[in-house]
Amino acid sequence: MSGAALGLEIVFVFFLALFLLHRYGDFKKQHRLVIIATLLAWYLCFLIVFILPLDVSTTIYNRCKLAVNSSPAESNGSYVTLAPSKQKCFKPWSYIPNGIMPIFWRVVYWTSQFLTWILLPFMQSYARSGGFSITGKIKTALIENAIYYGTYLLIFGAFLIYVAVNPNFNLQWNQLQTIGIAAANTWGLFLLVLLLGYGLVEIPRSHWNGAKRGYLLMKTYFKAAKLMTEKADAEENLEDIMEEVRKVSESIKYNHPLRKCVDTILKKCPTEYQERMGRNMDDYEDFDERQNSYPSEKSLVKLHKQVIYSVQRHRRTQVQWQILLEQAFYLEDVAKNETSATRQFVHTFRSQEPENKIIQYFYTPTIEWYWECLLRPWFYRVLAVVLATFSVIVVWSECTFFSTRPVLSLFAVFIQLAEKTYNYIYIEMACFLTIFFLSICVYSTVFRIRVFNYYYLASHHQTDAYSLLFSGMLFCRLTPPLCLNFLGLTHMDATISHRNTQPTAYTSIMGSMRVLTFIADGFYIYYPMLVVILCIATYFSLGTRCLNLLGFQQFMGDSEMTSDLIDEGKELIKREKRKRQRQEEGENRRREWKERYGNRDDSTRNRVVHTDQKESSFSETSINRPLSKYTRSNGRTERDRIELLQDAEPLDFNADLINDDPLELDSGR
């Protein structure tokens with residue numbers, strides 16, 4: 001089993017990242033490089049989270065071997081861990097051989113850092129560029145990232161000059177590398193605590209509120225009102241952009257040098273607009289530079305960028321509106337079926353997607369009623385209590401993980417108790433649950449946040465390339481400090497535990513933070529305590545209230561604006577429900593008509609076809625008989641027909657006889 005667990009997790013994490021990317025991205029329409037870069041970023045970050053527990057168990061086993069091989073005197077002086085008996089020091093099932101983990105962490109870490117600081121920002125500018133050629137897009141991306149890259153180079157150059165001039169510093173390459181890692185982790189830890197403070201409160205609260213009757217339905221009404229406003233805005237914006245495209249398409253003719261750029265823009269437009277513009281085009285008119293003022297290539301690049309953005313936004317709002325309607329109809333069905341005496345779940349509308357027969361066989365209407373109306377609220381309450389307990393443990397450990405005597409961090413207590421008995425399965429499960437919960441709190445916040453319309457992760461393949469790449473950047477910057485924070489909570493980091501023991505392979509790659517003591521002993525220790533203040537602010541919804549005061553409508557139960565939007569959304573859902581009911585009634589009437597008169601029409605049609613076949617066969621036989629009878633005189637009759645045609649006089653055609661008035665024709669007859 002040596003290394004088998006590592007291989008299995010590598011394969012599993014790859015398919016997990018691929019599944020999530022398929023849910024948010026669009027493999028058919030988005031560029032392959034965008035998909036590959038985002039998949040690689042997500043894959044590496046998820047891989048770090050899943051492999052780190054194996055690193056912890058392997059490190060504990062290596063410590064055990066060192067303690068066994070050393071003498072008791074050396075054990076008391078060099079290693080704090082007591083020398084156990086050789087029977088207790090057995091190899092874990094997921095043991096990874098020496099030398100593999102350092103190389104693995106080095107490749108994964110530096111690849112993720114290259115993605116987040118160099119490649120992904122460049123690809124973001126490349127994806128948003130409206131250039132018509134690869135060279136133009138690369139040029140635009142380089143110009144946009146010049147300030148971004150120049151700032152880092154300026155800071156790094158100033159630091160190198162300061163180190164070279166100051167004689168007190170004698171830094172080597174390894175120390176410079178550690179300083180760079182510490183700077184990146186400091187930036188990531190700053191953002192990590194902000195996202196973690198929100199997720200620790202919001203995730204348990206969302207599950208608790210999901211168990212309340214009517215809460216999800218009211219929130220869905222609120223979302224419907226906001227989404228309808230955004231949908232109307234997107235449609236209006238698309239109409240304005242398409243009008244500009246139409247004017248440009250009409251002004252730039254077929255033989256203009258920039259006509260290829262216009263054709264590229266037209267290909268990005270929706271099909272109905274393309275047909276409308278192509279119908280009004282007159283490609284036979286030549287352009288004249290002296291008569292008309294034509295747009296420049298720079299303005300076409302800007303228009304191309306606006307077309308891409310407006311079409312993506314319009315398509316996303318349309319899909320989200322349909323998904324929200326299905327969700328609202330289902331929640332209304334749940335509220336209606338709660339008082340059902342038959343205890344069978346009845347849907348108002350049939351599902352538009354084909355149902356799986358296996359799921360339909362096991363998930364019967366009775367089971368669906370018990371789950372949705374009876375068991376699901378209680379399940380969400382229990383889950384919310386469990387998540388809230390984890391959140392309290394995390395907050396307590398974040399505030400006390402620097403204390404080593406006594407050990408106050410609960411995660412460190414759990415790991416040390418398991419380390420004494422060398423229960424590797426328990427160690428790996430405890431480590432995995434801890435880091436998995438921290439990752440869920442942080443990553444779910446990344447999926448939930450929305451920065452206007454520039455960054456928004458929308459499910460059902462509606463996320464644009466810019467948002468996908470930006471999420472990859474955030475994951476690569478948040479995951480390393482998240483893992484270091486986890487190792488600090490469990491006292492597996494020697495910088496925190498102050499024990500002279502063998503570090504984990506991940507910590508050895510990060511280097512000793514003692515090079516920057518004010519970061520190792522100051523920022524890394526006391527800044528995570530800020531999570532308490534952030535959790536309190538999230539619990540009282542201070543951020544939501546501030547956004548509501550600034551004019552960004554947020555769902556708040558005690559707000560008049562929220563009540564008005566709920567009423568508006570309720571009316572919108574009613575209108576769409578009536579429209580859907582009329583459509584289904586029309587389909588049912590057509591189906592009943594086909595079932596009632598379809599067989600009769602088919603039988604009548606079959607009789608007519610059968611009669612025609614009989615007549616055609618009879619006519620064929622009647623025609624073939626005289627042909628067979630008068631075969632010998634065939635040549636003579638053909639000659640007589642030709643002579644008659646030659647002797648016939650031509651008709652005198654007079655155009656004056658033609659009359660268009662049908663009344664006069666009838667009278668003439």
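Backbone N, Cα and C define each Cβ position, glycine as well.
TrEMBL: automatically predicted annotations, no manual curation.
Fair warning: this is a prediction, and the values are worked out from it, not measured in the lab.
With a cut-off of 8 Å between Cβ atoms, the residues of this chain six or more beyond the transmembrane segment (6-21) that come close are 35, 38-39, 42-43, 46-47, 50-51, 54, 94, 96, 100, 104, 468. TrEMBL lists 6-21 (among others) with the feature transmembrane segment.
As annotated by TrEMBL, transmembrane segment applies to 33-52 (among others).
Counting same-chain residues at least six beyond the ends of the transmembrane segment (103-126), those with a Cβ under 8 angstroms from any Cβ of the stretch are 6, 33-34, 37, 40-41, 44-45, 47-48, 51, 55, 137-138, 140-142, 144-145, 148, 152, 184, 466, 469-470, 472-473, 476-477, 479-480, 505-506, 509. Annotation comment: TrEMBL describes 103-126 (among others) as transmembrane segment.
Annotation comment: TrEMBL describes 146-165 (among others) as transmembrane segment.
Per TrEMBL, the feature transmembrane segment maps to 177-201 (among others). If you look at the transmembrane segment (177-201), the same-chain residues 6 or more away from its ends with a CB under 8 A from one of its CBs are 113, 117, 159, 171, 391, 394-395, 438, 440-442, 444-446, 474, 477-482, 484-485, 510-513, 515-516, 519, 523-524, 527-528, 530-531, 533-535, 537-539, 543.
According to TrEMBL, the coiled coil annotation covers 224-251. Sequence-distant contacts of the coiled coil (224-251), counting only residues of its own chain at least 6 positions beyond either end whose CB sits under 8 Å from a CB of the stretch, comprise 262, 265-266, 269-270, 273, 276-277, 280-281, 292, 294-295, 300, 303, 306-307, 310-311, 313-314, 316-318, 320-321, 324-325, 328, 553, 565-566, 568-569, 572-573.
Positions annotated as transmembrane segment by TrEMBL: 378-396 (among others). Using a Cβ-Cβ cut-off under 8 Å and counting only residues 6 or more beyond its ends in the same chain, the transmembrane segment (378-396) has close neighbours at 196, 200-201, 203-205, 207-208, 210-211, 408-411, 437-438, 441, 489, 531-532, 535.
Per TrEMBL, transmembrane segment is recorded for 425-446 (among others).
Residues annotated as transmembrane segment in TrEMBL: 523-542 (among others).
Look at TrEMBL and you will find 576-669 tagged as region 'Disordered'.
The compositional bias 'Basic and acidic residues' annotation in TrEMBL covers 582-617 (among others).
Summarising the annotation, TrEMBL assigns compositional bias 'Polar residues' to 618-634.
Here TrEMBL flags 635-644 (among others) as compositional bias 'Basic and acidic residues'.
Here TrEMBL flags 658-669 as compositional bias 'Acidic residues'.
Residues 6, 9-10, 12-14, 16-18, 20-21, 25, 27, 104, 108-109, 111-112, 115-116, 119-120, 123, 127, 431-432, 435-436, 439, 465, 468-469, 471-473, 475-476, 478-480, 482-483, 486-487, 506 of the same chain lie 6 or more positions beyond the ends of the transmembrane segment (33-52) yet place their CB under 8 Å from a CB of it.
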